[in-house]
Amino acid sequence: MAVGGGISAGNGKQYEGRVTPFVIVACLVAATGGLIFGYDIGISGGVTSMDEFLQKFFPTVYEKQKNATGHESQYCKFENHMLTLFTSSLYLAALVASFFASATTRKFGRKISMTVGGMIFLVGSVLNGAAMNVAMLIIGRILLGVGIGYANQSVPVYLSEMAPPKLRGALNIGFQMATTIGIFAANLVNYGTAQMKANGWRVSLALAALPALIMTIGALFLPDTPNSLIERGKKDQAKEMLQKIRGTPNVHDEFSDLVDASAVSQQVRHPWRTILEPKYRPQLVITCLIPLFQQLTGINVIMFYAPVLFKTLGFADDASLMSAVVTGLVNVFATAVSIVVVDRFGRRVLFLEGGIQMLACQIGVGVLIASVFGVSGNGTFSKGMGNLALALICVYVAAFAWSWGPLGWLVPSEIHPMEIRSAGQSINVSVNMFFTFVIGQLFLSMLCHMKFGLFFFFGGWVLLMTVFVYFFVPETKNMPIEEMNRVWKAHWFWGKYIPDDAVGLSHKSSDHDA
């Protein structure tokens, strides 16, 4: 039976094949699409904490910060809607772009979407590095957002389709790993450019061109997935590609399943209308709620406002940027943990453990900030209290990085049948980007008005999402992507939505439904 691509759990079908170097390399190259997303998340907060950048583009924020009296609330010193628009406008552009990316991905393939995304991001990074006014800055950010919309729509789907079932989790998390490396690299760049006497912020923003080049050039050399080739009527090429990535000529069973899934897919003329049908209700609900919950963990508050947040908590300029570097490093190592364990312990264990750990840390940070700053926002951290706050935030980041971080992209990308896969991934990206935009735009105002209660606010959402996962998110590890309806049919709640004929499309008999 299967050597490398078999299923070790559940009622899924076993396919012959092994894990080949070819598929590993292809997935690693594709995963570099996460670099552009991560670099941008990491670079924004550092740049917006640099005095030279604030003086040039947001002088009112700079004056407010520099002229602050000892009686002004620490919670409110960075509140400015134009400043948050600089950070969050990207995510609104990514939301809109993801819908166009869906059509591109379906009609022209996953690699074309990745290439287009990388090229547009490259143009945006050049514009940002050369920006002379706020308008130029925002236009550059919008182009970056379009690039991210294309990349985030296509890369997770590409990884889920290329990977053998038993390694799908680990290889898909390569995208999140690249995202965390991008964040960490951006934090290091910010720390270095902050030491420059002039134009450090330009270097930070322009260096976004580097991950864009890596992704674009890499995408040009990638093969397309067998699923995508079949979807576009290239069955002979698809079979050859499947044999190549599975390392065996005996791919008849898996190829037949892909062809059958594609036949169903071709009957669907309007995937956006189709995904609203009751039989796709489980996928639609999960695809909407998981990215929503991912943002309501509060992680992007920590990630793209980390230097600003640490300055708010009383850290010096260098210390605030170095603290962001530390959290970025924790993010990378914790994501590596998820790569190792996600296909062994499954998705649910990581979701639940991560949720409990995040909740505990958010309560701890909230209590700590309340004890130092109170409601007035007046006070300063001692060195010991500052280090404790940093430690709690690092433990929180670690919990996110091995749970909701990677799984927020992995699970929605692996649960859709082929006929709604592009539409489903676009919904995943658009919901994620919309709430990233909303939280990014409102965070500094929320911090000003909710004060330390903001951490309890996010903690409440973490509690809710952990309960939701416990009851409504089934385990998907080791299940072939075109067999996923078996998981939904077996679930206590979602099973009623899945018609009998939708289970085991490729199994003409029901011999293992018993």
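Glycine is treated like the rest: Cβ placed from N, Cα and C.
Heads up, TrEMBL stuff is auto-annotated, nobody curated it.
Now, the feature entries from TrEMBL:
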- 26-477: domain 'Major facilitator superfamily (MFS) profile' (DOMAIN)
- 19-39: transmembrane segment (TRANSMEM)
- 82-104: transmembrane segment (TRANSMEM)
- 116-149: transmembrane segment (TRANSMEM)
- 169-189: transmembrane segment (TRANSMEM)
- 201-222: transmembrane segment (TRANSMEM)
- 284-309: transmembrane segment (TRANSMEM)
- 321-342: transmembrane segment (TRANSMEM)
- 354-376: transmembrane segment (TRANSMEM)
- 388-407: transmembrane segment (TRANSMEM)
- 427-447: transmembrane segment (TRANSMEM)
- 454-473: transmembrane segment (TRANSMEM)
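Only sequence-distant pairs (6 or more apart) were considered; of these, fewer than three Cβ pairs between the transmembrane segment (201-222) and the transmembrane segment (427-447) are under 8 A, so the stretches are not in contact. Here the transmembrane segment (388-407) lies next to the transmembrane segment (321-342) in space: the count of CB pairs under 8 Å, restricted to residues six or more apart, reaches at least 3.
Per-stretch counts of Cβ pairs under 8 Å to the transmembrane segment (116-149) identify 82-104 as the leading one among 82-104, 169-189, 321-342, 427-447, 454-473.
Of the two recorded stretches, the transmembrane segment (321-342) does not lie close to the transmembrane segment (354-376), with fewer than three CB pairs under 8 Å once pairs fewer than 6 apart in sequence are set aside.
If you average pLDDT over the domain 'Major facilitator superfamily (MFS) profile' (26-477) in this model, you get 87.
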